[in-house]
Structure formats: C-alpha cells, structure tokens
C-alpha cells in the first residue's frame, strides 16, 4: 500500500516528452497506488478552464482514466496553475484541495502544500501572489478574451524569469522560520511540498517543551521539477521516500 505525491510537472504543448512521460506515470506507477496527490504546477501556465486547446482535453482524459480505475487524484494549486477551477476538476476527475492541507496518512501526520507560501523572504512575489489570488482580480482576468489572457500570461512569465535571475538563492528558497511556524501551527511531523525545485528530505529540529529543552526531529520533503527526469514522493507504512525515475522515449511512440 502506498500513496504518491508529485508536483512541478509543468505540462505544456512545447514540451511533449514531459507530457508523454507523465501519461506513462499515470498508466503505470500511479495505478499501483491507493491515491495520488498533485501539489501544484501540473501545467506550465493556465489561463482558464475555458481554453479549448485539445492538449488540455487530452490531459484531462488521462487523469480521468485514473479515477475510473478507482484511484483518487487530489490537487493543490501551484503558482502557475492557480486558476484551475471546478470545471476542469470535474473534467479530469481531480479533487481540489485548499492551498494547505493536513492529512493523516498511515502513521504520519503530514502537511501538504505547493510551497510558494513558505518563500516569505521573496516579498515581491508574495505581493504579486496576494493580488493574483484576489477573487475580483481573477474574475476580471477570466472575463478577458483568451488571446489577451494568453498575452498577459506570457508577459508575466517573461518578467518573472528576468526578476528571478536577480534574486539570491536564499530569497527564492523557503524561509526556515516559516517552515517551523507552519509545522507548529498544524502540529505535524512532516511537510511535503514542491515549488523550489530543490529536491531533498530535510531534518528539522523542533523544540517541544521550551522549559525542559525537549526537542523532536521533524522532516520536510521537497519534490523535484520534471525536466530531464520525473520524481515522486512515495509514502508507505514503512517509509517516506523521494524517488527519481528517468524519462523514457521509445515507449511513447503511440501516445
């Protein structure tokens, strides 16, 4: 028995090999799991559920096929696909979750999220995020013609790329204190997230009883982005593992 977590797949028409390998994952590894959690940035961009491009219908069909096999797929929005709505969720069979969710899984108490909210030192991004997640702004954006939405999204991605080149590594990574605060707030022993593209499992020393100097070791598991290989976090009764798997091309000639 296992539960799988993935994120930062960044599906796009421009990167067909990533799509092919994602479909392979859904048809193989994912079918052996009890459930699948996608922790944001499933797509490289998302300008609305009403985008009629066949690419999105194909992805939705593959995800829905997993549901038909009796395997639930849960989704937390990322910074690139936070506009995914209930319409696409219904089409794909995904179950939308809030941006931060605590789950009891086997013997673990885990907080799952995309991870961008932990990068609190990146104040420019956090300001943008607050604006972009405002319901009025989102409704206004979704009222625009698709072509104009596509133009805005492309321009924002270019601007973000240029800004990120000027930011230090520390600013773009999670803030350690924000991690501690989140774990203490939800009383969890594990955090699983993506966003930073810095895969690892970190040990975190937490003070349980300040007066007695009582401490415990918590852990933070970070997913990798899907570029030249895929990654997942596999949770079983025995362990929580970060697993990488190489992309394969020859298997997908018929996909």
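Backbone N, Cα and C atoms are what each Cβ position is placed from, and that goes for glycine too.
What you are looking at is a predicted structure, and each value in this text was computed from that prediction instead of being measured.
Sequence annotations record features per position, and here Swiss-Prot assigns Mn(2+) 1 binding site to 8, 10, 41, 197 based on sequence analysis. Feature annotation from Swiss-Prot assigns Mn(2+) 2 binding site to 41, 79, 114, 195; the stated evidence is sequence analysis. According to Swiss-Prot, the substrate binding site annotation covers 79, 80, 122, 160, 164, 167, 195, on the basis of sequence analysis.
Mapped onto this structure are the features recorded in Swiss-Prot.
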residue	record	Cβ neighbours (10 Å)
10	Mn(2+) 1 binding site	21
41	Mn(2+) 1 binding site	29
79	Mn(2+) 2 binding site	20
80	substrate binding site	24
114	Mn(2+) 2 binding site	25
122	substrate binding site	22
160	substrate binding site	15
167	substrate binding site	13
195	Mn(2+) 2 binding site	26
197	Mn(2+) 1 binding site	18
41, 79, 114, 195 excluded, remaining Cβ within 8 Å of their centroid (Mn(2+) 2):
7, 8, 39, 40, 77, 78, 80, 115, 116, 194
Out of 8, 164, give me whichever of these binding-site residues has the highest number of other Cβ atoms within 10 Å.
8
Distance check, please: Cα of residue 114 (Mn(2+) 2 binding site) against Cα of residue 10 (Mn(2+) 1 binding site), rounded to an integer number of angstrom.
13
Residue among binding-site residues 8, 10, 197 with Cα closest to the Cα of residue 122 (substrate binding site):
197
C-alpha of residue 164 (substrate binding site) to C-alpha of residue 195 (Mn(2+) 2 binding site): distance in Å?
13
Hey, of 8, 10, 167, which of those binding-site residues are within 10 Å of residue 195 (Mn(2+) 2 binding site), Cα to Cα?
8
Candidates 79, 80, 160, 167 (binding-site residues) with Cα within 10 Å of residue 197 (Mn(2+) 1 binding site):
none
From 80, 160, 167: binding-site residues whose CA lies within 10 A of residue 8 (Mn(2+) 1 binding site):
80
What is the maximum Cα to Cα distance, in Å and rounded to a whole number, among the residues 79, 80, 122, 160, 164, 167, 195 annotated as binding substrate?
19
Residues near the Mn(2+) 1 site, 8, 10, 41, 197 excluded, by Cβ within 8 Å of the Cβ center?
7, 9, 40, 78, 80, 194, 195, 225, 226
